[in-house]
Structure formats: C-alpha cells, structure tokens
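Straight from TrEMBL, the features:
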- E:GLY68, E:GLY69, E:ARG90, E:ASN185: substrate binding site (BINDING)
- E:28-267: domain 'Aspartate/glutamate/uridylate kinase' (DOMAIN)
- E:LYS33: site 'Transition state stabilizer' (SITE)
- E:LYS248: site 'Transition state stabilizer' (SITE)
Number of protein chains: 6
Amino acid sequence: MDQDMQQYLDKAEVLIEALTYIQRFNRKIIVVKYGGSAMLDEELQKNVIKDVTFLKLVGFKPIIVHGGGKEISKWVSKAGMEPKFIDGLRVTDAETMEIAEMVLNKVNKNLVRMVEELGVRAIGVSGKDGGLLRVDKKLSMTGQDVGFVGDIKKVNAEVLLDLLDKDFLPIVCPVGIDDDYNTYNINADDAAYSIAKAVHAEKLAFLSDIEGVYRDYEDKSSLITALTVDQANELIESGAISGGMIPKLQNCVGAIENGVSRVHILDGRIPHCLLLEIFTKKGIGTAILRNGEED
Amino acid sequence: MDQDMQQYLDKAEVLIEALTYIQRFNRKIIVVKYGGSAMLDEELQKNVIKDVTFLKLVGFKPIIVHGGGKEISKWVSKAGMEPKFIDGLRVTDAETMEIAEMVLNKVNKNLVRMVEELGVRAIGVSGKDGGLLRVDKKLSMTGQDVGFVGDIKKVNAEVLLDLLDKDFLPIVCPVGIDDDYNTYNINADDAAYSIAKAVHAEKLAFLSDIEGVYRDYEDKSSLITALTVDQANELIESGAISGGMIPKLQNCVGAIENGVSRVHILDGRIPHCLLLEIFTKKGIGTAILRNGEED
Amino acid sequence: MDQDMQQYLDKAEVLIEALTYIQRFNRKIIVVKYGGSAMLDEELQKNVIKDVTFLKLVGFKPIIVHGGGKEISKWVSKAGMEPKFIDGLRVTDAETMEIAEMVLNKVNKNLVRMVEELGVRAIGVSGKDGGLLRVDKKLSMTGQDVGFVGDIKKVNAEVLLDLLDKDFLPIVCPVGIDDDYNTYNINADDAAYSIAKAVHAEKLAFLSDIEGVYRDYEDKSSLITALTVDQANELIESGAISGGMIPKLQNCVGAIENGVSRVHILDGRIPHCLLLEIFTKKGIGTAILRNGEED
Amino acid sequence: MDQDMQQYLDKAEVLIEALTYIQRFNRKIIVVKYGGSAMLDEELQKNVIKDVTFLKLVGFKPIIVHGGGKEISKWVSKAGMEPKFIDGLRVTDAETMEIAEMVLNKVNKNLVRMVEELGVRAIGVSGKDGGLLRVDKKLSMTGQDVGFVGDIKKVNAEVLLDLLDKDFLPIVCPVGIDDDYNTYNINADDAAYSIAKAVHAEKLAFLSDIEGVYRDYEDKSSLITALTVDQANELIESGAISGGMIPKLQNCVGAIENGVSRVHILDGRIPHCLLLEIFTKKGIGTAILRNGEED
Amino acid sequence: MDQDMQQYLDKAEVLIEALTYIQRFNRKIIVVKYGGSAMLDEELQKNVIKDVTFLKLVGFKPIIVHGGGKEISKWVSKAGMEPKFIDGLRVTDAETMEIAEMVLNKVNKNLVRMVEELGVRAIGVSGKDGGLLRVDKKLSMTGQDVGFVGDIKKVNAEVLLDLLDKDFLPIVCPVGIDDDYNTYNINADDAAYSIAKAVHAEKLAFLSDIEGVYRDYEDKSSLITALTVDQANELIESGAISGGMIPKLQNCVGAIENGVSRVHILDGRIPHCLLLEIFTKKGIGTAILRNGEED
Amino acid sequence: MDQDMQQYLDKAEVLIEALTYIQRFNRKIIVVKYGGSAMLDEELQKNVIKDVTFLKLVGFKPIIVHGGGKEISKWVSKAGMEPKFIDGLRVTDAETMEIAEMVLNKVNKNLVRMVEELGVRAIGVSGKDGGLLRVDKKLSMTGQDVGFVGDIKKVNAEVLLDLLDKDFLPIVCPVGIDDDYNTYNINADDAAYSIAKAVHAEKLAFLSDIEGVYRDYEDKSSLITALTVDQANELIESGAISGGMIPKLQNCVGAIENGVSRVHILDGRIPHCLLLEIFTKKGIGTAILRNGEED
C-alpha cells in the first residue's frame with residue numbers, strides 16, 4: 001500500500017473512531033456558551049463555528065449562547081461614553097443598554113451568517129423573541145443598582161424547542177425583558193446555564209479563556225480534568241479556588257443538579273476544542289460530572 | 001334601553017360588522033411594510049403594532065417588514081460620518097453597513113418587544129437568518145456602485161412559512177447576503193414586495209407617509225381610491241405620476257401579477273389605518289386590484 | 001379630521017379593545033346554552049348566531065346546546081295531544097318523545113343552516129350521534145315516572161372534540177339514549193352543564209329569559225353581577241332565591257367545581273349579550289366565579 | 001369428528017371465504033342507498049344495519065344515504081294535508097318541506113341509534129351540515145315548479161371524508177340548501193349517486209324493492225345479473241326498459257363514468273343482500289360494470 | 001325461498017355472528033405461538049395462516065411466533081450430527097446453532113411467503129432484528145450448560161410496535177443475542193410469552209399438539225375448558241398435572257399477571273381452531289382467565 | 001503545542017473535512033451492494049459494516065444489499081450436491097434454492113447482528129418480506145432454463161421506505177417470489193440496481209473484488225476514475241471492456257438514467273473504501289456520473 005493511501009486510511013480511522021461519540025449524543029441538545037478570546041480571533045471563531053456546525057450535521061441539536069463583552073466596551077467608548085463596572089457588573093444605563101443591544105445583535109447575526117455559510121440553517125434570537133428570557137433587575141454583590149442588568153427568572157424553552165423542531169440552529173444573545181418589557185443585559189454564562197436547564201440539555205460547554213479549573217490557580221500544572229458535583233462543592237468550600245471561578249463552578253453544579261448530564265469548561269483558544277473533547281479520548285479542560293461517574 | 005346600553009350595543013355591532021372580513025382572510029398571509037413617519041411617532045407605532053397583533057389574533061398570518069431610514073441616518077451622523085446618497089440610494093460602505101445593520105436590528109427587536117407585550121409570539125429575523133434574503137449588488141439608476149446595497153434574487157420562503165407554522169409573527173429587517181456571504185442593505189419596499197410574492201401572500205400593505213396615489217400629485221383632491229393593474233400601467237405610461245411613485249407602483253403591479261390578490265398603499269399617519277382598510281367600508285389610501293375587480 | 005373619519009376611528013378602537021379578550025380565550029371551548037325567548041324572536045336568533053359565529057372566527061371553540069320547549073308544545077298540540085307536566089317536567093310518552101325529537105332536530109338543523117349561511121362550518125348532532133349522551137330514566141322530584149325523560153350519566157366528549165378538531169361548530173340537541181337504546185328527552189340546561197364539564201370548557205353561558213340572579217327576586221334592582229361559588233352556595237342555603245333558580249345555580253356551581261372557569265347567566269333578550277359580556281367591560285347578567293376571583 | 005364440530009368448521013370456512021372480499025375492499029368507500037320496503041320491515045331494517053356495520057368493522061368505509069318516502073306521506077296526512085305528486089315528484093310547499101325534514105331527521109337518528117347499538121360510531125347528517133348538499137330548484141319533467149325539490153349542484157365531499165377520518169359511519173338524509181339557504185327535499189337515489197361520485201366511492205349499492213333490472217319487465221325470469229356501461233346504454237336506447245328504471249340506470253352509468261368501480265341494484269327484501277353480494281359468489285340483483293369487466 | 005338461497009343466508013348469518021367478536025378485539029394485539037404438528041401438515045399450515053390473515057384483515061394486530069423443532073432435527077441429522085438433549089433442552093453447540101438459525105429463518109420466510117400470498121403485508125424478523133430479543137445463557141434444569149440456549153431478559157417491543165404501525169404482520173423466529181452478540185436458540189413458547197407481555201397483547205394463543213389442559217392427563221374426558229389464574233396455580237400445586245405442562249401453565253399465568261387478558265391453549269390439529277375459538281361460541285382447548293372472569 | 005496535541009488537532013481537521021460531504025448527502029438514500037471478498041475476510045467485513053453504520057449515524061439513509069455466492073457453494077457441496085452453472089448463472093433446482101435461501105438468510109442475519117452491535121437499528125429482509133422483490137423466471141443468455149433464477153419485475157419500494165421511516169437500516173438478501181409465490185434466487189447486483197432505482201437513491205455503490213473499470217483490462221494502470229454515461233456507453237460499444245463488465249456497466253448507466261445521481265464501483269478489499277470515496281478527496285475505484293458532471 002502506498003503512503004498516500006495509508007494517509008487516507010488514517011483519515012477513515014478517525015471518522016470511525018468518532019462513531020461511538022456520534023451515536024451517544026444523537027438528537028441530544030448541547031448548549032455551547034461562546035465568548036472571550038475565542039470570539040475575537042477570526043481563525044478561532046471559524047473553528048468554533050465549524051465545530052458546532054459539525055455537531056449539528058452529525059445529529060446533535062446545538063444551541064449557541066454568545067456574549068459580546070469586549071466589543072460592547074469598544075462601541076461604548078466609540079460613542080464617547082466611559083465603560084463603568086461595579087462589583088464586576090457593567091453599569092448599564094439606558095444609553096449603554098441601547099448600544100449593548102445593538103452590538104450583541106450585530107455579533108449574533110454575524111454568527112448566523114457564518115453558520116449559514118457552512119450550509120446549516122441558523123437563526124439568531126435574543127431573549128425578546130418569543131419572550132425567551134424574562135428577567136428581574138439584578139443588584140451587584142454589594143446590593144447596588146447597576147441599571148439594566150438582568151437576573152433570569154424564566155426561560156420560555158418552547159421557543160428554542162420549536163426552532164430546533166424546524167431544524168434551525170438557534171444562536172442566542174443574552175438580552176432579556178422584565179415584567180414592564182424593559183430591555184436588560186444578561187451575563188452570557190448565566191443565560192447559557194439557564195437555557196441548558198430549561199431545554200434539558202445533555203451537555204453544556206463553556207468556551208472561555210481559561211484552560212479549566214485548577215486545584216491551585218498559581219500552579220498551572222494543577223489543572224483538574226474531571227470533577228464530580230461533590231468534589232466541586234468541596235473545592236468551593238475549601239476556599240482553594242479564586243473568586244471569579246466560584247459562580248462559574250456553582251452554575252456548573254446547578255446545571256447537573258437540574259438534569260444536564262455533563263458540563264465542560266473548555267479552553268476556547270485551542271482550535272477545535274469542542275470536537276476534541278467530544279469526539280476523541282483527549283480530555284480538554286475540566287469536565288464536571290455527576291457523582292459516581294468517571295470520565 | 002338606557003344610553004349606556006346603546007353604546008355597548010353599538011360596540012357589538014362593530015364587532016359583528018368585522019365578521020365578514022375576518023372570515024374572508026382567515027389563515028391568509030398579509031405582508032405589512034412598515035416605515036416612514038408611522039415608525040417615528042410613538043403613538044402611531046403603538047397603533048400599528050396593535051393593528052397587526054389584532055390581525056394575528058383573529059386568524060390572519062401577518063408578516064411585518066420594516067425599514068429604518070431616518071434612524072440609520074441619525075446613528076451614521078452620531079458616528080461622525082456623513083450620510084451620502086447617489087440617485088436616491090444610500091451609499092453604503094462597510095462601516096455604514098455595520099451601523100445600518102445594528103440600527104435595523106435594534107428597530108427589529110424593539111418591534112418584537114412591542115408585539116410580545118401585547119401577548120403575541122413574535123420573532124425578529126434579518127435576511128441572514130436561514131438565508132432568508134439572498135442578494136446581488138445593486139447599482140444606482142445611473143449605473144454607479146453605491147456599496148453594499150442589495151438587489152434581492154431569492155427569498156427562502158420556507159424560513160417564514162416554518163415560523164408561521166410555529167405560530168410566530170415574523171418581523172423582518174431588510175438585510176441580505178450575497179453569494180460570498182457579505183452583508184447588504186435592502187430597500188424595505190423591495191423586501192416586502194419580494195417576500196409577499198415568495199410566500200404567496202393574500203395582501204400586501206405599504207404603510208407610508210403619503211395618502212396614496214394621486215392622479216395629479218399637485219392636486220390633493222385627486223387621490224385615487226382604487227386602481228386595477230391596467231389602470232396603474234396606464235398611469236405609469238401617461239407620465240402623470242411623479243418619479244418616486246413609479247417604482248412603488250411597478251412593485252404593486254408586479255406583486256399582483258405574481259399572485260398577491262390586492263395591494264394597499266396606506267397613510268401610516270392615520271391611526272389604525274390597517275384595521276380601517278380591512279375591517280370597515282372606509283377605504284383608506286389607494287388599493288391596487290386585479291383587472292376586472294372592483295372595490 | 002372630518003367627522004366621518006372620527007366615526008371610523010371609533011370603530012377601530014372597538015376592535016382594538018376586543019384584542020385582550022380575544023387573546024384570553026384563544027382556542028378555549030365555550031359552551032353556549034341557547035333557549036327561551038331568544039330562540040323565538042327571529043331577530044334575536046340571528047344576533048345569537050352571529051355572536052357565536054364571531055366567537056368561532058376569532059379563535060374560540062364554541063359548542064351550542066339548544067332546547068326547543070315552546071316549539072315542542074306547539075307540535076304536540078298540533079298532533080292533537082295535550083302537553084302535560086309533572087313537577088315541572090314534561091310527561092313524555094313514546095308518542096310525545098317521537099314528536100319532541102322531530103321538533104328538536106328541526107330546530108337543530110335550522111341553527112346549522114343559519115351558521116352555515118354566515119360561512120362557518122356547522123354540524124348538528126343529537127345525543128344519539130356517536131353515543132354522545134347516555135342517560136338513565138329521571139324521576140320527577142316527587143318520585144313519579146314521567147316517561148322518557150333522561151338523566152345524563154355519561155357524555156362521550158370525544159365525539160365533540162373530534163368534531164372541533166375537524167373545525168366544525170357543533171350544535172347539540174338534548175336527546176339521549178339509555179342502556180337499552182331507547183330515546184329520551186333531556187333538559188337542555190342539564191345537557192349544557194354536563195357537556196361543559198366533559199369537554200373541559202373554559203366558559204359556560206346560559207342564554208335565558210331572565211336578567212340574571214336577583215338577591216331578592218321581587219326587587220329587579222337587586223340583580224347580582226358576580227357571585228363566587230361560596231356566595232352562590234350561601235344564597236341557595238339562605239332560601240333567598242326562588243325554587244326554579246336553585247337547580248340552575250347548583251349546576252353553575254357544579255360546573256365550576258368540575259373545571260369550568262366561569263359560568264354566565266345572560267339575558268338572551270338583549271341583542272349581542274354574548275359579545276357584550278365577553279368583549280366589553282359591560283357586565284351583562286350574572287357571572288358565577290371561582291372563589292377568590294373577582295370580576 | 002363429531003357433528004357439532006363439523007358445524008363449527010363450516011362456520012370457519014365461511015369466514016375464510018370472506019377473506020378475499022374483505023381484502024379487496026379494505027379502506028374503500030361504499031355508498032349504500034337504503035330505502036323502500038327494506039326500511040319499513042323492522043327485521044329487514046335490522047339486517048341491513050347489521051350488514052353495513054359488518055362492512056365497517058372489517059375495514060370498509062360505508063356511508064348510508066336513506067330516504068323516507070312512505071313515512072313522509074304518513075306524517076303529511078297526519079298533519080291533515082294531502083300528499084301531491086307532479087310527474088312523480090312530491091309537490092313540496094314550505095309546510096310539506098318542514099314535515100318532510102322532520103321525518104327524514106327522525107329516520108336518520110333512528111338509523112344512527114341502531115348502528116350505535118351494534119357498537120359502531122355513527123353520525124347522522126343532512127345536506128345542511130357543513131353545507132354538504134348544495135342544490136338548485138328542480139323542475140318536473142314537464143317543466144313545472146313543484147316547490148322545494150332540489151337538484152344537487154355541489155357535494156362538499158370533505159364533510160364526509162372528515163367524518164370518515166374520525167372513524168364515524170356517516171348516515172345522510174337527502175335534504176339540501178340552495179344559494180339563499182332555503183331547505184329542499186332531494187331524491188335519495190340522486191343524493192347517493194352524487195355523493196358516491198364526490199367521495200370517489202369504490203362501490204355504490206342501491207337497496208330497493210325490485211329484484212334488479214329485467215330485460216323484459218313483464219318476464220320476471222329475464223333478470224340481468226351483470227351489465228356493462230355499454231350494455232346499459234343500449235338497453236336504455238332500445239326502449240326495452242320501463243320509464244322509472246331509465247333515470248336509475250342513467251345514474252348508475254354516470255357513477256361508473258365518474259370513477260365508481262361498480263354499482264349494484266339489490267333487492268332490499270332479501271335478508272343480508274349486501275353481505276351476500278359482497279362476500280359470497282351468489283350474485284344478488286344486477287351489477288353495472290365497467291366496459292370490459294366481467295363479474 | 002329456494003335451498004340455494006337458504007344456504008347463502010346461512011353464510012351471511014355466520015358473518016353477522018362474527019360481528020361481536022370482531023368488534024371486541026378491534027386494534028388489539030394477539031400473539032399466536034405456532035408450532036408442533038400444525039406446522040408439519042401442509043393443509044393445517046394453510047389453515048393457520050388463513051386464520052391469522054383473517055384476524056389481521058378484520059382489524060386485529062396479530063404477531064406470529066413460531067418454532068421449528070422437528071425441522072431443525074431433520075437438518076442437524078442431514079448434516080451428519082446427532083441431535084442431543086439434556087433435561088429436554090436441545091444441546092446447541094456453535095455448529096448446531098448455525099443450522100438451527102438457518103432452518104428457523106427458512107421456516108420464517110416460508111410463513112411470510114404464505115401470508116403475502118393471501119394479500120397481507122408480512123415481515124419476518126428474528127430476535128436479532130432491531131435487537132428484538134436479548135438473552136442470557138440458560139442452564140438446564142439440573143444446572144448443566146447446554147450451549148447456545150437463551151433465556152430472554154429483554155424484549156425491545158418497539159421493534160414490533162413500529163412494524164405493526166406500518167401495517168406489517170410480524171412473524172418472529174425465536175433466535176436471540178446475548179450481551180456479547182452471540183446467537184442463541186430460544187424456546188418458542190418462552191418467546192411468545194415474553195413478547196405478549198412486552199407488547200401488552202390482549203390475547204396470547206398457543207397452537208400445539210395437545211387438546212388443552214386435563215384435570216387428569218390419563219383421562220381424555222377431563223379436558224378443562226376454562227381456568228382462572230387461581231385455579232391454574234392450584235392445579236400446579238396439587239401435582240395433578242404432568243411435568244411438561246407445568247412451565248406452560250406458569251407462563252400462561254405469568255402472561256395474565258402481566259396484562260394479557262386471556263391465554264388460550266389450542267389444539268393446532270383442529271382446522272381453524274383460532275377462528276373457532278375467537279369467532280364462535282365453540283370453546284376449543286383451554287382458556288386461562290383472570291380471576292373473577294367467566295368464559 | 002506538544003506533539004500529542006498536534007495529533008489530536010489533525011484528527012479534528014479530518015472530521016471538519018468530512019463536513020461538506022456529510023451535508024451534501026444528508027437524508028439521502030445510498031444503496032450499498034456488498035459481496036465478493038469483502039464479505040469473506042472478517043476484518044474487511046467489520047470495516048464495511050462500520051462504514052455503513054457511520055453513514056447512517058451522520059444522516060444518510062443506507063440500504064445494504066448483499067450476496068452470498070461462495071458461502072452458498074460451500075453449503076451446496078456440504079449437502080453432497082455439485083454446484084452447477086450455465087452461462088454464468090447458478091443452476092438452481094428446488095433443493096439448491098432451499099439451501100441458497102437458508103445461507104442467504106444466515107448471512108443476512110449475521111450482518112444485522114454486526115450492525116446492531118455497533119448500536120444502530122438494523123432489520124434483515126428478503127424479497128419475500130412485504131413482497132419486496134417480485135420476479136419472473138430468468139433464462140440464461142443462451143435461452144436455457146436454469147431453474148429458480150429470477151429476473152426482477154417489480155420492487156415494492158414502500159417496504160424499504162417504511163422501514164427507513166422507522167429508522168431501521170434495512171439489509172436485503174436477494175431472494176424473490178414469482179406470481180405463483182415460488183422462491184427465486186436473484187443476482188445481488190441486479191437487486192441493488194433495481195432497488196436503487198425504485199427508492200430513488202442518491203448513490204449506488206458496488207463493493208466488489210475489482211479495482212474499478214479499466215480502459216484496457218490487461219493494463220492495471222488504465223483504471224478509469226470517472227466516466228460519464230456517454231463515455232460508459234462508448235466504452236461498451238467500443239468492445240474495449242471484457243464481457244463480465246458489460247452488464248455491470250449497463251446497470252450503472254441504467255441507474256443514472258433512472259434518477260440515481262452517481263454510481264461507484266469500489267474495491268471492497270480496500271479497508272473503509274466507502275468512507276474514503278465519500279468523505280475524502282481520494283477517489284477510489286470508478287465513478288459513473290451524469291453527462292456534463294465532473295468529479
């Protein structure tokens with residue numbers, strides 16, 4: 001057999017290896033939170049979109065939830081305003097909200113365009129469409145009013161299920177409405193987590209700028225590849241992990257306690273991290289599992 | 001019978017009068033082009049949204065197509081750029097297009113919010129979603145390149161039909177993509193006209209800032225209430241009507257020749273002009289009819 | 001704005017006002033018991049049919065249950081027999097039953113015809129069709145055999161649900177069959193009440209010859225506009241209301257206790273009383289509500 | 001094998017013999033016109049109902065169309081009026097029509113009752129229900145106005161197809177409405193023939209008081225067992241058959257030319273003539289066949 | 001009436017008699033275990049197939065489960081091997097299993113052919129298709145390994161329900177697979193019993209070479225026609241019945257305790273024993289009933 | 001990036017490359033003829049099954065048609081008979097047919113087992129099931145009777161479409177029935193070709209023991225990678241290709257002329273030749289294309 005052929009056979013083997021994984025998640029919903037650096041680098045962005053499109057084509061039902069943090073800041077500055085944060089939350093007055101929504105929709109439709117370009121039917125929705133995301137005002141950790149920042153109180157899952165039913169790949173931007181139909185900005189991680197629960201997702205994957213969860217944040221070799229719910233709770237209580245990581249881990253634990261089978265914290269800067277995590281034995285980032293399960 | 005009761009009976013009579021019309025258009029699609037002043041005045045806007053929501057609830061299948069002209073100009077200026085027009089078309093470079101898309105999406109999601117507030121399920125889509133509006137570059141009348149201004153070559157009607165099937169009221173903003181997946185601005189009238197044809201709408205209604213078509217534009221008393229296709233063509237050929245009206249009338253004629261039963265040019269500044277036109281004997285604006293039909 | 005226009009705008013406002021109500025009862029079943037004077041006066045009859053047809057067209061699922069009392073007596077006399085009543089129940093021997101059924105079917109098909117004339121698909125059924133109404137013999141209050149007078153023991157709701165599913169407006173005449181397949185006359189109020197329970201109607205409306213329930217029957221100004229279940233039971237126990245009203249009120253209470261949200265006792269002599277009750281703030285007659293609800 | 005057993009085996013053989021026929025007409029529509037003596041004799045009536053019910057249970061989709069001739073005359077007399085005929089058509093003034101409709105509905109609901117008693121879901125409809133039978137006024141052969149006697153101009157087949165779809169056995173009484181929604185009496189043979197065409201029936205069976213078609217009406221031994229369309233036309237043109245038979249045969253020919261596969265003229269006085277014709281080799285009455293077919 | 005006609009009328013009466021039974025089991029699943037002599041005699045085989053086909057055509061949903069005992073032995077001998085049994089179980093090494101499977105599939109497809117010839121849509125499946133029958137290894141009563149003899153641990157009922165849904169008559173041969181996907185032979189009685197439970201059959205009928213259950217096996221006049229579950233258990237405990245009958249009766253009892261309404265042990269040597277049992281008053285063999293029921 | 005990671009990224013790239021192809025054939029039917037050496041080597045067999053299972057899981061609708069040539073000969077010899085061929089057709093007397101069918105079913109159920117083991121729902125059918133393959137007797141090229149060798153005259157495609165609809169992977173063995181319901185052996189290539197036409201397959205792939213079509217059979221370097229219908233016809237007429245290849249090529253041409261988009265002649269001895277052909281740019285074997293298309 002010539003070398004050329006051997007190369008092709010290797011390719012076939014890779015596809016065959018993927019079989020088991022394709023089977024396991026057939027027709028299951030996977031919510032992908034997409035944000036951070038992975039959204040800024042054009043090459044990485046293309047890879048993420050290809051990965052999600054692949055998931056769709058081999059039978060998964062992916063839903064993308066995206067943020068727009070840095071882009072929003074850029075446009076807020078452009079408009080001559082000063083981005084302002086209290087307790088890590090963007091202070092969002094009416095004018096800022098108007099810009100934030102415009103930017104988020106721009107990002108949203110751009111992702112739609114990229115998925116469509118790969119031949120898959122996408123639709124971009126915000127939390128306004130079909131009343132998808134209903135919120136209350138969220139105060140900062142120290143109880144301060146930071147404007148139109150929302151806390152999700154209800155996800156109208158049927159909107160997404162209906163769109164999946166019509167074979168769309170839904171792409172959600174984290175904008176919500178309160179009982180008086182005012183517009184609110186929502187943290188994209190929170191939106192992804194709430195949506196995953198509401199649609200009974202099989203998997204929830206966070207693509208972010210970190211490699212995963214570290215036992216000791218200072219020691220990059222202490223990356224944890226898998227963590228049961230109990231272990232995650234211990235880690236939180238132990239005080240070993242840094243502040244920013246705590247709500248993220250709590251969301252992960254909450255998702256699993258609400259029926260999501262597995263949550264992944266992936267390093268969005270690694271090309272095709274989603275495919276690698278799902279279709280190969282290479283564990284990427286940190287997986288949060290049900291108690292009693294092993295990777 | 002006391003006076004109070006008489007008043008209520010009058011109300012009942014109005015509802016009963018509406019019966020015939022409700023019946024006639026049951027489950028029929030009506031495309032409503034919504035733009036101009038009617039979009040700027042908050043009170044008028046509320047009325048239009050109420051009217052369309054009413055149509056939905058009594059069994060029609062409305063689709064809103066909206067523009068955003070003046071709002072776009074405002075934001076373009078805000079960004080320190082000069083709105084520029086050639087042959088009546090907005091010159092749309094990449095940066096202008098970026099702003100235009102952001103503004104159109106903002107307008108779009110605001111309309112979604114207003115419809116949702118009235119308890120009806122809305123969804124906002126642009127021509128990118130599901131590849132709804134595919135375009136080629138459009139040159140100005142004098143053959144000049146005006147940038148990302150698109151000419152619709154294909155409407156993927158199934159996107160809208162699937163959304164109607166799931167009981168959404170679709171609200172469309174006129175943004176399209178070309179074969180290389182670049183983003184284009186589209187004239188909202190053109191979008192409405194193309195969509196009405198593609199979804200086999202029963203009615204197409206343009207809500208604009210004019211009372212209708214005049215036999216003699218200078219003579220406001222020469223408003224035409226109804227016009228068959230033949231009469232419209234004659235009017236165009238006669239040179240009696242002004243330049244801006246010509247493409248609008250041609251679109252109307254084209255829509256009817258492609259299966260739309262009736263097109264209405266309504267004065268969006270009259271509150272509830274849609275309801276009045278459809279549910280009462282009061283003709284508002286100008287109706288373009290099939291040959292042989294009378295109002 | 002000219003006066004003519006103002007008048008049309010007023011009409012539009014009436015339609016808009018109806019929006020909220022149309023929405024609230026969309027796809028809900030409403031059972032309308034139709035009898036008494038409202039059936040004898042041709043003009044009133046047309047109004048009732050228009051009202052019910054309107055309900056159908058704006059998205060309700062109405063079912064009409066009608067009686068035929070006075071008409072039956074007329075034909076019984078015509079046949080040379082003497083109408084006879086014991087304890088308020090018509091004594092119904094085989095010959096009377098034969099005539100009663102013929103008259104009820106005549107009335108039934110006439111209502112079908114009137115609805116069809118308004119362009120809505122109607123179908124007339126008796127309790128025999130699909131075995132809709134199964135009865136036992138009913139004795140009079142004093143325990144006397146009054147012949148073929150039936151007490152409903154089972155409603156085969158699926159017959160009506162299947163017809164609604166095929167978009168018919170079912171019109172039911174109160175004839176039933178016992179276990180030996182003999183034909184029985186049924187009180188139309190009882191039939192309406194049993195059907196409303198069986199099909200899980202949202203509303204049950206009795207159109208009769210009375211204005212509603214009076215606190216003191218002699219004092220026409222003591223009409224009660226709304227009554228919770230508890231208040232109705234109190235009224236019954238207090239002995240304040242007259243004999244004939246008691247079983248009617250008990251049926252109303254029973255309907256609500258079995259899942260119907262609201263029961264209305266309406267004065268069928270007021271034109272469009274149904275529309276007025278449902279689509280305007282004008283309360284007509286007496287509404288029986290769940291405890292804790294207010295009108 | 002004992003004699004008792006032999007008897008049972010014979011029974012099994014009969015069932016097995018029926019297999020071929022059951023198969024051939026599985027899910028096919030058969031329209032049964034039921035009238036004449038077979039309706040007056042209680043025993044015969046039970047047999048006919050059993051036969052049709054059997055057809056339903058083994059997979060056919062039967063539709064019964066019935067008349068009520070003698071019963072109508074009886075009640076017309078009872079009401080002190082004189083039945084009057086012109087050219088063989090009942091002169092039907094408004095009062096007669098009222099009685100005729102009442103009687104036909106009585107007969108209709110009685111048939112429903114009988115089918116229900118055998119455990120099959122029946123529904124009785126007239127030509128008013130769903131606008132099933134639309135008519136024009138029919139003049140007598142000599143051009144005289146005979147009142148409310150209708151000529152079918154449209155059958156809304158969907159009404160019957162929807163009822164079949166919901167597994168009802170429809171029983172139709174021949175009452176129709178004209179464009180002004182007046183009520184008309186229709187000849188039951190005409191109704192059966194028009195319905196068979198409209199619903200694309202596989203078979204149309206007339207149960208009447210004659211043995212079938214005779215080559216020579218005076219010679220009872222000249223009964224024709226099968227007749228192609230061509231042969232039937234010849235017979236009509238030859239003048240050999242009597243006047244009353246001509247329109248019947250023309251209807252039969254018309255039915256076959258409009259898609260019905262086979263028409264049977266059966267002697268309703270023979271018990272179970274329908275089952276015998278369909279499930280055994282015993283030909284009963286006269287079959288009208290397509291050209292080129294043999295029995 | 002001539003004698004010929006009388007004979008036909010008798011036939012019609014038989015069909016009419018069958019009505020009640022056809023009705024009672026409409027759309028119900030009946031599992032027919034078919035084996036023993038009834039499979040060897042060509043005439044009996046035709047009768048059984050006709051009976052089951054008849055059940056299908058009149059609205060039942062039959063499933064055939066067949067064995068192939070004697071045929072397997074014949075082919076094992078033909079291949080020069082010696083059929084060997086331990087504790088009544090065929091010792092099934094890999095080679096024997098290969099032959100057994102081939103024979104069973106041959107028998108299976110032959111039954112398919114016979115049903116198809118009668119115009120009914122059949123499909124032959126083994127326990128491998130869709131993973132229908134999953135087994136563990138079964139040891140003999142005395143604990144010996146008899147090779148590839150399987151004990152059913154799971155029936156994937158959906159396979160059969162999906163085939164019934166597509167209007168196939170499924171014919172099952174008792175071959176199963178274990179967790180390592182080895183092929184196993186299964187006792188056909190066990191397969192029938194397990195399948196009846198899994199698909200919630202209304203009836204389970206064993207066609208075998210015995211007349212039924214005897215109170216005293218030596219006394220052929222002691223055949224029991226009906227037996228409740230309690231009576232069957234008593235009989236087993238009393239020691240009155242012979243060894244081979246015990247597991248069969250236990251299976252019958254188990255089936256009823258798991259939702260099957262009635263089990264029949266029929267003498268497959270009586271022609272049309274299935275039809276006779278189901279469609280006539282002639283009880284054939286032994287019926288096992290729920291407690292409290294009487295035949 | 002470490003080497004380990006690079007390796008994983010390469011894997012991800014392979015998956016991404018497959019995207020385009022997965023998309024193109026989504027929900028399309030592909031008929032795979034599987035025979036020859038690829039069926040004898042256990043390793044190759046596993047690979048073929050994995051490939052087809054992969055196709056199923058990523059959204060294709062594969063149908064396997066298999067042969068059993070060499071296995072049949074083995075068993076015929078085992079039974080002490082001499083395999084005999086006339087004009088290349090196996091002489092198939094009744095006894096040979098019996099063995100052939102048993103062997104084909106054995107092979108069939110073994111393939112079912114292998115697919116099931118990979119977690120995909122398979123069902124094995126012969127041409128008897130649902131009357132899938134109806135045949136006439138086929139004479140040899142020289143007009144000789146070779147026994148039960150069939151020529152397909154009708155494929156009941158609905159059987160396969162119904163099974164696909166229920167998400168089965170159908171595996172077909174080439175056994176058919178004639179009008180008298182005798183059993184026939186069918187050439188597997190013919191069966192695959194006829195089935196591909198009948199189900200409107202997108203692709204038809206022959207896995208055989210040859211590398212593909214050669215321009216000059218003696219010169220192994222003259223393998224043709226793609227051939228339009230016109231080129232194939234030319235090749236046949238030119239006499240350049242060997243006799244055995246002619247009917248195969250004619251079948252390929254016929255398939256394309258009947259709606260199949262592309263036919264592949266693949267070398268079944270190359271592992272994963274199906275995946276390589278479909279999911280990579282490596283062309284394997286010979287593709288027969290529509291005129292005007294290029295690979």
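Glycine is no exception: its Cβ is also placed from the backbone N, Cα and C atoms.
Features per TrEMBL, on structure.
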residue: E:LYS33; record: site 'Transition state stabilizer'; contacts (Cβ under 8 Å, 6+ apart): E:VAL65, E:HIS66, E:GLY67, E:ALA188, E:ASP189, E:ALA191, E:ALA192, E:TYR193, E:LEU204, E:ALA205, E:PHE206, E:LEU207, E:SER208
residue: E:GLY68; record: substrate binding site; contacts (Cβ under 8 Å, 6+ apart): E:GLY35, E:MET39, E:ALA100, E:VAL103, E:LEU104, E:VAL107, E:CYS173, E:ALA188
residue: E:ARG90; record: substrate binding site; contacts (Cβ under 8 Å, 6+ apart): E:ILE72, E:PRO83, E:LYS84, E:THR96, E:ALA100, E:VAL146, E:VAL149, E:ASN185
residue: E:LYS248; record: site 'Transition state stabilizer'; contacts (Cβ under 8 Å, 6+ apart): E:ASP189, E:PHE206, E:ILE265
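Per-residue pLDDT, averaged along the domain 'Aspartate/glutamate/uridylate kinase' (E:28-267), amounts to 91 for this model. The 10 Å shell around the Cβ of E:ASN185 (substrate binding site) contains 28 further Cβ atoms across the protein chains shown. According to its DSSP assignment, E:LYS248 (site 'Transition state stabilizer') is helical.
E:LYS33 (site 'Transition state stabilizer') carries a strand DSSP state (E or B). Under DSSP, E:GLY68 (substrate binding site) is assigned to coil, being neither helix nor strand in the three-state scheme.
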